[in-house]
Amino acid sequence: MARTVCGCSWALIFIIMSLLVKAKIDVCKRGDVTVQPSHVISLGSAVNISCSLKPRQGCLQVSSLNKLILYRFHRRIHFQRGHSLSSQVTGLPLGTTLFVCKLACSSKEEIRICGAEISVGVVPEQPQNVSCMQKGERGTVACSWDRGRDTHLYTAYTLQLNGPKNLTWQKQCSDYYCDSLDLGINLPPESPESSYTAQVTAINSLGTASSLPSTFTFLDVVRPLPPWDIRIKCVNASVSTCTLQWRDEGLVLLNRLRYRPVYSRSWNMVNATNAKGRHDLVDLKPFTEYEFQISSKPHLQKGRWSDWSESLRTQTPEKEPTGMLDVWYMKQHIDYKRQQISLFWKNLSLSEARGKILHYQVTLQEVAEGNATLQNITERNSWTWTIPRTGIWAAAVSAANSKGSSLPTRINIADLCGAGLLAPQQVSANPEGSDNLLVKWTSPGEGATAVQEYVVEWRELHLRGGMQPPLSWLRSPPYNTSTLISDNIKPYICYEIRVHALSGDQGGCSSIRGDLKHKAPLSGPHINAISEEKGSILISWDEIPAQEQMGCILHYRIYWKERDSDSQPQLCEIPYRVSPKSHPINSLQPRVTYVLWMTALTAAGESPQGNEREFCLQGKANWSTFVAPSICIAVITVGVFSMRCFRQKVFVLLLALRPQWCSREIPDPANSTWAKKYPIVEEKKQLSLDRLLADWPTPEEPEPLVINEVLPQVTPVFRRPHHPNWPGKGQRLQGRHASEEDTGSSASSPPPPRALTAETGPAVDLYKVLGSRRPDSKPGNPVSHLTVLPVDYLPTHEGYLPSNMDYLPSHEAPITDSLEELPQHISLSVFPSNSLHPLTFSCGEKLALDQLKMGCGSLML
């Protein structure tokens with residue numbers, strides 16, 4: 001089986017070679033192309049190219065029809081009719097040029113006859129800078145040189161090395177571009193001063209060139225191997241006593257070391273003679289990662305430096321921290337007794353930390369008392385306490401590593417925004433480039449000279465995931481009124497920026513919101529509640545998630561329209577505020593269903609609308625439309641009713657129009673204790689007017705009351721008699737017991753009934769006329785038996801007389817004396833006399849009080 005496969009392979013190779021030979025032969029079967037003087041010429045030389053046809057290879061055996069054409073690549077340069085063609089070509093460029101001869105028997109077809117390649121080149125230049133090198137003690141010798149310009153021809157380079165004792169080593173380079181050769185021999189270190197000579201020869205078709213001989217010794221050409229097994233050791237873990245160690249070849253006498261912190265670009269260089277693989281370093285920084293490299297040389301003056309060793313990266317030991325922390329704080333009131341103090345500090349730099357910071361020690365102490373001290377140890381860069389609002393407090397923060405602690409940074413806790421005169425003015429924040437935010441402000445006017453330092457702080461405006469956003473700050477000298485924020489800032493995030501001006505323990509501040517980049521929010525606010533309050537609605541909403549706000553929100557818009565309405569919605573634009581997330585709207589009509597939604601706006605545009613909510617205002621109509629008329633009517637009514645005359649007339653009208661069933665029950669004086677003990681005098685007995693006037697002197701304060709009967713023609717008038725014992729206003733009179741005789745006489749002798757007659761004299765208060773006899777009175781002195789009822793005894797002096805009084809005297813003797821009194825007459829001229837029906841009755845034995853009505857000076861029977 002193996003023999004069969006081998007035989008097939010050889011047969012295939014033979015067939016391929018036969019085809020190639022036949023193709024070679026068949027290329028120029030119609031003619032030949034010759035080149036004179038050579039196929040290889042130097043630059044600028046001329047060449048003669050000839051093309052001839054072989055016998056019986058022309059066009060139909062007629063030579064006049066043969067047209068030979070010479071092409072240079074694909075461009076026609078010469079043609080001639082006949083069996084041959086000859087042309088001289090000059091100005092050929094460097095490199096190889098192809099010429100092709102073709103036969104044209106017609107204008108449509110050309111037959112290839114043969115072709116030739118002409119190479120144009122130059123004589124090789126003399127090789128320069130021949131140098132040889134041997135890598136390590138056991139390496140081989142390799143030499144390199146500069147070839148010079150390109151010959152554009154195949155050029156062979158030969159390296160020859162001659163040594164002591166007529167030793168010669170030679171090697172030729174077969175590559176087209178050859179500039180180095182490895183002889184594959186090792187020069188022994190036993191004879192470091194022995195001389196060697198190297199020479200390079202270049203040969204091509206146009207000529208030969210040789211380099212100058214290069215002579216060297218073993219020390220000149222040997223290049224030690226790079227050091228290896230590099231390590232560093234520090235005694236007692238102290239950075240001040242660190243030793244770098246490595247391994248080298250035995251012939252090395254000189255070393256050079258370079259090292260640097262990994263974050264630095266410049267190297268520190270150190271030379272070490274006869275170091276024997278170790279060197280002490282005294283200027284290393286603590287807790288710093290360094291990169292170390294070492295190179296070697298076999299001789300102080302001669303020889304070559306080895307390549308740099310592989311880098312060793314290691315961290316030096318720690319040392320106690322140096323420097324002080326940059327501490328900042330925030331103060332927030334919780335209630336009237338407590339406040340919250342939040343301390344923040346920045347990390348120390350690597351050069352200041354000098355080790356891994358394990359924790360921070362924080363102390364908060366009341367300055368005045370000195371006994372209230374709070375201490376804590378934390379690994380974070382912030383701490384928060386709740387302390388009383390009274391007293392002056394100070395804080396101290398220090399950092400600690402495994403070797404010790406830094407000096408504490410002490411600050412006094414003051415109101416950072418308490419001094420209004422120190423507040424910076426015209427604060428602005430604008431993007432600067434693509435990654436920076438430029439904050440500018442102006443000095444605080446009168447307090448500018450007192451400013452010792454500016455502090456610019458910024459933090460994300462919105463909480464993410466319920467966590468407090470980190471606080472960042474920068475300090476600026478008092479002569480600067482701008483700063484560039486580039487750390488801890490991201491695009492499409494809104495930041496609250498505050499500028500503090502500090503002067504001792506006082507400070508003033510101003511704030512603004514800013515963003516690095518912004519675009520329209522991705523979603524709108526979510527309305528979570530709509531409530532009705534006093535004829536208006538209160539809309540409450542949830543904040544847009546921070547990752548969807550896409551910058552600082554400038555305004556909110558509330559849209560509303562009637563449900564199922566195609567009209568344009570109304571809107572209300574609200575400036576952004578952190579809290580509360582609610583706003584009233586008082587322009588909605590009651591009992592109309594509205595659809596409401598909200599959007600948010602940044603400087604880049606408006607967000608999509610949020611959720612829709614329907615609401616119908618169920619409150620009463622707008623009460624404000626009734627307030628003004630009600631106030632006017634009330635003022636007019638109060639003004640009119642302040643006039644007594646008008647008030648009395650209106651009251652009488654209301655009494656006349658009032659239905660009988662709603663009449664007020666009037667107390668009956670006849671049922672009183674006084675009426676039972678002291679019955680009224682008999683009506684038929686006539687009182688002697690002369691005796692009555694003699695016994696009644698003029699009262700000190702007469703209070704006449706006119707009682708008018710509402711009749712078309714008759715108005716009875718009663719006159720109040722004067723009596724020295726008449727009680728003052730508001731006093732009660734003690735009744736007198738009547739004798740049995742008078743009582744019996746009154747009951748048994750009723751007078752004949754008669755009508756009341758009008759009287760032109762002054763009116764008398766009817767209730768004050770009513771009286772009783774004294775217990776010691778006699779029939780001959782009836783006037784002395786009368787006791788006047790006070791006006792205050794009745795429920796009201798403007799109401800009716802009691803309706804259930806037993807009787808009134810059916811007639812009264814006329815009183816004609818001119819008494820000193822104050823007449824009062826009220827005319828009901830606003831009502832026609834026939835509007836009220838006159839009361840007609842027949843006088844019987846008694847006149848009941850339920851037939852008599854009194855009010856505002858009028859008596860109606």
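Cβ atoms are placed via backbone N, Cα and C, with glycine included.
DSSP assigns ASN48 (N-linked glycosylation site) to a strand in the three-state reduction. The Cβ of ASN48 (N-linked glycosylation site) lies under 8 Å from the Cβ of VAL35, GLN36, PRO37, SER86, SER87, GLN88, VAL89, each of which sits 6+ residues away along the same chain. Residues annotated as N-linked glycosylation site in Swiss-Prot, with sequence analysis given as evidence: ASN48 (among others).
Taken from Swiss-Prot, the feature N-linked glycosylation site applies to ASN129 (among others), supported by sequence analysis. According to DSSP, ASN129 (N-linked glycosylation site) sits within a strand segment. Within 10 Å of the Cβ of ASN129 (N-linked glycosylation site) there are 10 other Cβ atoms, across all protein chains.
Among the features that Swiss-Prot reports, N-linked glycosylation site is placed at ASN166 (among others), with the record citing sequence analysis. DSSP gives ASN166 (N-linked glycosylation site) a helix state. Here ASN166 (N-linked glycosylation site) comes close to no residue that lies at least six apart in sequence on the same chain with a C-beta under 8 angstroms from its C-beta.
Residues or ranges marked as N-linked glycosylation site in Swiss-Prot (evidence: sequence analysis): ASN271 (among others). In the three-state DSSP scheme, ASN271 (N-linked glycosylation site) falls into the strand class. Sequence-distant neighbours of ASN271 (N-linked glycosylation site) (same chain, six or more apart, CB under 8 Å from its CB) are LEU254, ASN255, ARG256, LEU257, listed in sequence order.
According to Swiss-Prot, the feature domain 'Fibronectin type-III 3' maps to 318-415, an assignment based on sequence analysis.
Residues or ranges marked as N-linked glycosylation site in Swiss-Prot: ASN347 (among others). Look at ASN347 (N-linked glycosylation site): DSSP puts it in coil. Counting every protein chain shown, the Cβ of ASN347 (N-linked glycosylation site) has 13 other Cβ atoms within 10 Å.
As annotated by Swiss-Prot, N-linked glycosylation site applies to ASN376 (among others). Using a 10 Å Cβ-Cβ cutoff, ASN376 (N-linked glycosylation site) registers 13 neighbours.
Annotation source Swiss-Prot lists domain 'Fibronectin type-III 4' at 423-520. Looking at the domain 'Fibronectin type-III 4' (423-520) alone, the prediction's average pLDDT is 90.
Taken from Swiss-Prot, the feature N-linked glycosylation site covers ASN480 (among others), and the record attributes it to sequence analysis. Neighbour density for ASN480 (N-linked glycosylation site): within 10 A of its CB lie 12 other CB atoms from the protein chains shown.
Taken from Swiss-Prot, the feature region 'Disordered' applies to 718-761.
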The domain 'Fibronectin type-III 4' (423-520): DSSP-derived helix, strand, coil residue counts: 6 helix, 55 strand, 37 coil
So of all those glycosylation sites, ASN129, ASN347, ASN480, which one's Cα sits nearest to ASN376 (N-linked glycosylation site)? ASN347
Expressed to the nearest Å, what is the distance separating ASN480 (N-linked glycosylation site) and ASN347 (N-linked glycosylation site) at their Cα atoms? 25
How many Å separate the Cα atoms of ASN347 (N-linked glycosylation site) and ASN129 (N-linked glycosylation site)? 57
